[in-house]
Each structure stands twice: as structure tokens, then as C-alpha cells.
């Protein structure tokens, strides 16, 4: 079981994702009870066990999800098999808050490190509000058409010098609606966001039995998570969510807007399969080439320099690998300088930003070079920033063009 700062995440990549999966498991217990597949005692024991897992993740997102489930149990209290369901849910919720203390006492009995608190303390300088400010500024700068589906990092990079550092790059804004505004622009973003909200309200108002209530809570849990992070970027959350939306549409009398012949579905599936096949082939080529490039940069082995992979779809990754091997030099053309900046805008890192700054300094653009240097410490850790600063100082001792661009304060 993987750990992130003492917080388990199993095979889900992140504790909050494990917590959301466990909340879905709680709803599965409720489903089993409502369908008379399991008895109340069994459902209660399973729920108590799952709540231990949620407590271990220390997920504040899950706390909000639990509150939503308890509120839902009371709102739809007349639909359950027993009038005691909302009371039982509230009792489990209260017991949940004693689990952190219990887990700490168990650690003491087992002579395990007791410095770990199972109540998460607020992070020093919580990053989400700052990230949201940066991305809202990005929406303000380009409100009509947005930036595209993969350009969130470039939004952060463009605004980095005007805000405190995030000490890393964000590929998503950690809010579903803000992501939509960044990707699509305000007009289309408002339309899609409004459609999502309207449909969820339609589902809530259409609940008439316990099955519907559980399915709506299923969507609500992942929706709360999507307001704070990016669960719907993962297929293991996105596909079940889409399936439940389809089930609710059918159960609540939703009608298709239009119908198409069967051959269109078959054609669409063939097209998607062909694209997926191309992407898979491209990916394996990119993976092998990327590994070779990393060995070269680490000076491992004696093989000759590799070449960029031949790809059809994943050309952005091919360009990134090409950039990994690229060394800035004097006499670069404007097209080359523009190419380096475009690559780094898509895949920013402290090392790649340093390369762009060096290229600009060597080619008579000290103002732009200094602007890129200002971005280094905004999107990287303090340690990485210090390393780049030392490297820049060493380079400036041997090249007057680099020495002309002083490290920003």
C-alpha cells in the first residue's frame, strides 16, 4: 500500500482518490441494504470498516463528501427501508470523528511512531486558493476562446511573475468549472457548466425512491471532489460517473435528442479504435526514446545519441524529447527561439526554463531572458531554484552575454 506523507492511497495514486472510492463503497453498502441483499448489521459493520480507511487517508475532501451523504440521508429519509437510516448515518458520522484518536492509541499500543496526527493540519500556505487566483487571472486575460484542453500549465507560466510562487506546476486548476473556463473560454464554458448544474438539479428533483437517491449521492460525492481536485481526469472515475448519469437519465424518463443509424455507431467505434491504436504505438516509441534520452543526459552507457521517435499523433512528446537534447547556442534563429518557448510553455520545469533563458541571453534578448529567470522560482521547489541560480552564476563567469543578465531578486 503506497503512502503519501503517511497517508495511504493503495493503488489509486493519491489519498483523496482512495477516499472517494471508499465513499462510493459506502454507497454500495447502502445499495445492498436498500435492495435487501445484506442486512442492516452487515451494512453497518462494512460501513464502520470503510470509515476507518477514510480516516486513514486524512482526506478533507472526503469529510465534505461524508457531510453530503448525511444530509442526503435526511433529505430523502422517507425513501429508505427504515426510518432509522438517517439516524444511523448520523451516528456513524459522529463515530468517524473518534477514529483518529483511536488510531493514535493503537499506534501507541503497537509501539509505532505516534508523531503522525490523523487530523490533517492545514498546509502552510494552502496552494489551491493561490492557484485559483492565478487561473482566474488567466480566464480574465483570454476570456472568449480559452487556451485549449492541455494548456493550463502555460496559463500558470504566463501569470507566474505577478503572483507568489506555487513551487510546482499545475496541469489542471483543481476545479472542474474553472478548468472548463480555461479550456473553452467563458461563453462555451458557462454553457457547459450550466448544463452540468441543470442536469444535476434535474436528477435531485427527480428522486422518487432509494435507488435514485443513492445514484444521485454517487454523483454528488465525485462532484464535490471535482470542485477541489481532478478525479474526472481518470478513467476509473470518469467512466463509472458517465455510466451512472446514463442510468439516471433512463430511470427519470430522459429522452434522446436525436437518433442515428447503427452504422454511424460502428463507424465511430472503428475510428476511435484506429486512433487509439495509433496512440498506443506512438506511446511505446515515445517511452523508449524518452528512456534513451534520460540515459544520455545522465551519461549512462556508451551508445550514440538517439533520434526523436517517429510518431503520428503524439508529436508534442517528440518535440519535448528533441528539446531535452537541445543545447542553447549563439546564432539561433527567431524560429528556434520561438520553438523553445512553445515547448517549455507546454512542459515547464526549472531546467527547461533555464534553457530558454540561456538561449535568449545568448541571442541578444536580455529582457526576455530575465523574465524567464523570474519564472524559475515561481514554478519549482526552493531546492531546484537554488540549483538553477548556482548554475546560472557559473555560466555567467564564462560568458559575458549570460553575465549581462543578472539573477532577479
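Yeah, the Cβs are placed from backbone N, Cα and C, and that goes for glycine too.
Since this is a predicted model, take the numbers as computed values, not measurements.
According to TrEMBL:
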DOMAIN    8-31  domain 'Protein glycosylation ligase'
TRANSMEM  16-33  transmembrane segment
TRANSMEM  40-56  transmembrane segment
DOMAIN    46-191  domain 'O-antigen ligase-related'
TRANSMEM  62-77  transmembrane segment
TRANSMEM  84-102  transmembrane segment
TRANSMEM  180-201  transmembrane segment
TRANSMEM  213-228  transmembrane segment
DOMAIN    215-376  domain 'Virulence factor membrane-bound polymerase C-terminal'
TRANSMEM  263-284  transmembrane segment
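The stretch from 16-33, 62-77, 180-201, 213-228 with the most CB pairs below 8 A to the transmembrane segment (40-56) is 16-33. Note: the stretches the transmembrane segment (16-33) and the transmembrane segment (213-228) are in contact (3+ CB pairs below 8 A, sequence gap of 6 or more).
Using a Cβ-Cβ cut-off under 8 Å and counting only residues 6 or more beyond its ends in the same chain, the transmembrane segment (180-201) has close neighbours at 135, 138-139, 142-149, 151-152, 155, 173, 216, 219-220, 223, 245.
In terms of DSSP secondary structure, the domain 'Protein glycosylation ligase' (8-31) contains 17 helix, 3 strand, 4 coil.
The residues of the domain 'O-antigen ligase-related' (46-191), classed with DSSP into helix (H, G, I), strand (E, B) and coil, number 95 helix, 0 strand, 51 coil.
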